[in-house]
Amino acid sequence: MAEAANLHAAAPERARTGGEGSELSRAKVRSALLFLAPMVVVLFLVAGWPLIRTIWFSFTDASLSDIGNYGFVGVDNFYNSEWGGLLSDANWWTAVWNTLYFTFVSVSLETVLGMIVALALNVKFPGRGWVRAAILIPWAIPTIVSAKMWGWMLHDQFGMLNDLGMTLGLLAEPVAWTASPDTAMLAVIIVDVWKTTPFMALLILAGLQMLPSDCYEAARVDGVHPVRVFFKVTLPLVYPAVMVAVIFRALDSLRIFDLIYVLTSNSQDTMTMSVYARQQLVDFQDVGYGSAASTMLFLIIAALTLATITIGKVKLGGDPR
Amino acid sequence: MSHWSLPSKLGFVVLLAAIAIFAVFPFYYAIVSSTKAPSELFDVTYLPGFDFTNYAAVFREQPFARNIFNSVFVAVVVVVLSLGLGVTAAFALGRVHFRGRGALLLTVLSVSMFPQVAVLSGMFELIRALGVYNSLTGLILANLILTLPFTVWVLTTFMRELPKELEEAAYVDGATPLIVVRKVFLPIMGPALATTGLLAFIAAWNEFLFALTFTLSNEMRTVPVAIALITGASQYELPWGNIMAASVIVTVPLIVLVLIFQRKIVSGLTAGAVKG
């Protein structure tokens, strides 16, 4: 019965002969395919087709004002000897670097902080439900709202962070957090860490709560130092859950748009691949070139996803019972 | 923690307090700022006032009630469509053996990894071609790419963990698969549908990129876009009081929902991620 997850496309004719071959199982497979059809059609319409068109547009000189009227330009949007193309655009490479830097720093911070929060919430203490509810609040707040709330707190003239920093003597003068090239990326990372550490913490906590408690009892009876217990027992056991959370967060960070668009708008210091692609596509109306950037982002994320699935042996889409 | 020493206990309490304050403070400060009179906004204080000028101004200066309606309408329709398409698909993917099922699940999962911007120009063309640019229909269509994959994924995970005997008796009695879904599965899927529905609602409610790109007029904007585009007399005079008031208005219902359903949300998130 248990078929390994096979990577061939669904073939209705062959599917009929699958299962036990009885009239009932054939009827089940028939209706299963019928049940799947609407979902598959809608998913193709909203995901497959637009993706195919975006990739197609990346080989054209289409413009947003007249999207139906375009010519085929080959790989000119990616590379050409005349004006360079995407691959020789320094701004694009800045956006690539910003995205990778943002992803690496924010996901690392979120993992460490998320682990600390998860460990704290894994201890039984009175009022644990309240603390867990409190950390769900940043997760529940819409990204745009988070960006505006922090934008106000980080305001250069009237922000409470500058006020607090100067009152406590930590800051000599007000800092233009979101506008200054030195701090803009830092501001974005702070807000992202605030917003998504709860997600990380909850996923790690779910992993922690599945661990057997007897190893801990044994370690405690033997008087092993808690820090040693963490690195020798907890971390290896919870590692798979942490890795899944890290991969989800990293793939999410690589496509970040909302937060940066609202907090620092089109500033070159924080521009990521998504922000760059949308600016070309919508602000500059250059659908061909913007689609080329979108396609590159898609390829980068697809390559990283494939790499993590193969290298990390993360089992995705395993066979249902 | 009963066997802990006093310093460890104290340290732990400080850690918990730091976590809770860091999590809650920004929203608290938004409430504080939104309830100040516009003239007092620029003095940093930490206690809320009782001035609701900003709240009135939000509704007066833009069609904010209409924006809220748009967001609710889009999110509700997206949830209903995703659950409807998701339940039948999850039944097929979770309860029936057929070739290509693994590949199909993998495809569905990979769609949820798509960067939104990668479908932006194709989606723009589609929405133009269907004549639904600057309309809620267009936004509903676009939002399905965010909600459908994980709805299918989470519901499939849920379905395949139910015991096998569940539908067998019904089949023996001559029920068709459609009746099995309606009479056997739907009644016990309430909690799973509530969780996935809520997560889909939040995803659609928070969606920004499509709503920003596929709408043009103030009346068609959803709440996130409306808040992002609140402007003052000049670029340098953003009406922060209004922005904070609008932020509080749209966030409070969400926080209430999340706190009520917190256990379900946590299990839904982990079903969507860890069990993958």
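Using N, Cα and C of the backbone, Cβ positions are placed for all residues, glycine too.
A TrEMBL annotation is a machine prediction, not a hand-curated record.
Small disclaimer: the values here were computed from a predicted structure and weren't measured.
As given in TrEMBL:
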type: DOMAIN; residues: B:68-261; note: domain 'ABC transmembrane type-1'
type: TRANSMEM; residues: B:12-31; note: transmembrane segment
type: TRANSMEM; residues: B:68-91; note: transmembrane segment
type: TRANSMEM; residues: B:103-124; note: transmembrane segment
type: TRANSMEM; residues: B:136-155; note: transmembrane segment
type: TRANSMEM; residues: B:184-205; note: transmembrane segment
type: TRANSMEM; residues: B:243-261; note: transmembrane segment
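Using a cut-off of 8 Å between Cβ atoms, the transmembrane segment (B:12-31) and the transmembrane segment (B:243-261) share at least three residue pairs, counting only pairs 6 or more apart in sequence. Under the criterion of 3 or more C-beta pairs below 8 Å, with sequence separation of 6 or more, the transmembrane segment (B:136-155) and the transmembrane segment (B:68-91) qualify as touching.
The listed stretches are B:68-91, B:103-124, B:243-261; of these, B:68-91 has the most Cβ pairs under 8 Å to the transmembrane segment (B:184-205). Outside the transmembrane segment (B:68-91) by six or more residues, the chain places 136, 139-140, 143-144, 147-148, 151-152, 155-156, 158-159, 177, 180-181, 185-186, 189, 193, 196-197, 200-201, 204-205, 220-224, 249-250 with a CB less than 8 A from a CB of the stretch.
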